[in-house]
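J.: First, the structure itself, so that you have it in front of you.
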Amino acid sequence: MSSLTARSATQALRAASRRAPRTLSSVSLKPARASYSLLARAATANPAVKGTRGVKTLDFAGTKEVVYERRDWPLAKLQEYFKNDTLALIGYGSQGHGQGLNARDNGLNVIVGVRKDGESWRQAVEDGWVPGETLFPIEEAIGRGTIIMNLLSDAAQSQTWPTVAPLITKGKTLYFSHGFSVVYKEDTKVIPPPDVDVILVAPKGSGRTVRTLFKEGRGINSSVAVFQDVTGNAKERAIALGVAIGSGYMYDTTFEKEVYSDLYGERGVLMGAIQGLFLAQYQVLRKNGHTPSEAFNETVEEATQSLYPLIGQYGMDYMYNACSTTARRGALDWAPIFEKANVPVFEKLYESVRNGTETRKSLEFNGRSTYRQDLARELAEIDNQEIWRAGKVVRSLRPDYKPE
Ligand SMILES: NC(=O)c1ccc[n+]([C@@H]2O[C@H](COP(=O)([O-])OP(=O)(O)OC[C@H]3O[C@@H](n4cnc5c(N)ncnc54)[C@H](OP(=O)(O)O)[C@@H]3O)[C@@H](O)[C@H]2O)c1
C-alpha cells in the first residue's frame, strides 16, 4: 500500500506551508513542532505567552510551563557573565564534543579533561584542544576549572567519583547533563559535596545534534534543573550554561524527572520500542510471503522518509489528514488497539526505571572493561538482522545515497 502517495504528500506539504504561519501565530501554539526561531517569533504574537525578556510562560495544552530562551543571553552578556570562569569539561564523548566546541565558539574559557592517551584524548586533539593548554588529564582539569562539567559516561561518573569528589571544592559549580548519577546515588555512590551548586543542562538530543544545530544558528532544546543551590544563583547559572553549550530554549525540570523521563523514553519510543515494533511488523510480513524489500519499505522506509517527518513538522492529525482515506480509517481503528496492548509494557518499563533496575543494568554493563567489545557484538547482531540488511539495499537506491 502507499498510504501517502507522492502527489498527496506534495499537496500536504504545500497546504502545510500555507497553514503553518497561521497556526503558529494563533492561540493554539504548538511549541513541540516549532523551531527556536519560529517559537521566538510566535511567542511575540501569541497572547497565551506571558513573561519578560526571553523567559516565557507558555500554555502547554492547559498546563502552564516556563521556557527560557537564548535571546535573554546575547553573546556579550554571556561572555561577561562567565569572564572569571573556566569551564572544565570532563569527558569528551558525544556531549563533550558538542557542548565543548559550542562553548568555545561562544568565546568562553573552556578546557577539557580526559584520560591521557585514550580515544577521547585523541579526538580532543583532533578538534583543536591543545595538551597542556586546553587539554589535561581529568584531575588536573578539575583543579583548574571553576565549573566542573561532568560529561563522562554515566558508568564512568560512578567509577571515578572517589577520585573526583575531593577535587570539587567550595566555590566550584558541579554540572551534569543527566540526573542519573545523583538520583541513583545508592547505586552510583555519587553524593555531591554539600557546599557547591549542583546543576543540570540536559540537551534533548545527541551531542552531534547539539553541535550541528548550533552551527546552523538554531539551537537544541534542553531541560535545566537545580539539585543544590548554595550561592542562590544556581538556576541562573544553569540557564546561562545552557545557552553557552548551544541550547536555543530550555524547559524546567528536576534531576529526578529528567532521569526518569530520559531512561523511559530511550527504552521506549525513541529506540527500544521502535526497533521492537519495526521488527515485529517486518517478521509478520515476511512470514506471509512478502519480499524483504516490500516488508522493509512498508515498515521503515515509508515511515522514516515520508510519514514521520510530517508528524515532526505538523503533528499527528496533520499526517492522518495527508494520507489516503483507506489508510486513515485503518490507522484510526488500530491506534487504540496498539495503545491498549502497549500501556502495560510502558507501565512495566516506568517501574523498572523508577526502582533503579535499569540503572543497575546500565552500570553493570557499561562498567565492564569489555563494554566496547560487548556492545559492538550486540550491535553487529542488529546490523545482521535481515530487516537492516534489506534496508542497506533500499537506501542505496535513494537518489541522494552516499556510501556509509
Ligand atoms: N549522548 C547523548 O545523546 C546524551 C544526551 C543527553 C545527555 N547525555 C549525558 O551526557 C553525559 C555524557 O554522555 P556522552 O554520551 O557524551 O558520553 P559517553 O560516550 O557515554 O562517555 C564518553 C566519555 O567517558 C569517558 N570514560 C568512559 N569510561 C571511563 C573511565 N573508566 N574513566 C575515565 N573516563 C571514562 C570516555 O573516555 P575514553 O575515550 O578515554 O574512554 C569519554 O570521554 C552522560 O551523563 C549522558 O547521560 C548524553
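Note that Cβ sites are derived from N, Cα and C of the backbone, with glycine treated the same way.
Predicted automatically and left uncurated, TrEMBL annotations should be read as such.
Remember, predicted model here, so these are calculated numbers, not experimental data.
When I checked TrEMBL for this same protein, it listed these features:
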{"type": "BINDING", "residues": "ASP262, GLU266", "note": "Mg(2+) 1 binding site"}
{"type": "BINDING", "residues": "ASP262, GLU298, GLU302", "note": "Mg(2+) 2 binding site"}
{"type": "BINDING", "residues": "SER324", "note": "substrate binding site"}
{"type": "DOMAIN", "residues": "64-253", "note": "domain 'KARI N-terminal Rossmann'"}
{"type": "DOMAIN", "residues": "254-401", "note": "domain 'KARI C-terminal knotted'"}
J.: Can you count helix, strand and coil residues in the domain 'KARI C-terminal knotted' (254-401) using DSSP?
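T.: Breakdown, helix to coil: 123 helix, 0 strand, 25 coil.
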J.: Counting across all protein chains present, how many other Cβ atoms fall within 10 Å of the Cβ of the residue listed as 'substrate binding site'?
T.: 14
J.: For each of ASP262, GLU266, GLU298, GLU302, count the other CB atoms within 10 A of its CB; which of these binding-site residues has the top count?
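T.: Of the binding-site residues ASP262, GLU266, GLU298, GLU302, the most buried by Cβ count within 10 Å is ASP262.
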J.: Just give me the nearest neighbour of ASP262 (Mg(2+) 1 binding site) among the binding-site residues GLU298, GLU302, SER324, Cα to Cα.
T.: GLU302
J.: At the Cα level, what's the spacing in Å between the residue listed as 'substrate binding site' and GLU266 (Mg(2+) 1 binding site), rounded?
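T.: One finds 31 Å between the Cα atoms of these residues.
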J.: If I take the alpha carbons of GLU298 (Mg(2+) 2 binding site) and GLU266 (Mg(2+) 1 binding site), what is the distance between them in whole Å?
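T.: Their Cα atoms are separated by 24 Å.
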J.: Quick one: Cα separation, GLU302 (Mg(2+) 2 binding site) versus GLU266 (Mg(2+) 1 binding site), in Å?
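T.: A Cα-Cα distance of 22 Å.
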